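Asks: Taken from Swiss-Prot, the feature Zn(2+) binding site covers 79, 82, 150, and the record attributes it to sequence analysis.
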């Protein structure tokens, strides 16, 4: 599949404006196709980014702690079904084996996956598996809590529904004690 030109993308925006009953040649909408294309370039900038490069800077130290947890990483993504936003928080825990990464690296990988068309379930797995694959910890736990515009702006019109997804690897998947501790910590907010 070849990537459309910028002009083809702008024409697609004009077509959508006509589809909803608007006149793309009216004053307020003249620059909208450019703005949409620029916005999409930023919003969907997660494509082509390499998570392994982000998690490549590791600190190899004797770990004097059992596990590492980063709570409340805020994100906004777009559902691949309706191209409507969903936003929420990501909680990530891992039990290091012999290395750790700076906390900003975890927030960066959340942003990489959030800046793609997504479904929350897949994003949860992608974050957990990328940490597992690149850091090789004893286990990883990821929880995403999000509100979906596709439920609040259309269809069932439920604006207070929060979807929670979790994915576990290693000792979090194998030992209930670790899952229980993670869920207790993430619930206390």
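Using the three backbone atoms N, Cα and C, a Cβ is placed for every residue, glycine included.
Explain the structural surroundings of these features, please.
Replies: Sequence-distant neighbours of residue 82 (Zn(2+) binding site) (same chain, 6+ residues apart, CB-CB distance under 8 A): 149, 150, 154.
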Asks: Is residue 150 (Zn(2+) binding site) helix, strand or coil when read with DSSP?
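Replies: DSSP assigns residue 150 (Zn(2+) binding site) to helix.
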Asks: Taking 10 A as the limit, how many CB atoms besides its own sit near the CB of residue 79 (Zn(2+) binding site)?
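Replies: For residue 79 (Zn(2+) binding site), the count of other Cβ atoms within 10 Å is 18.
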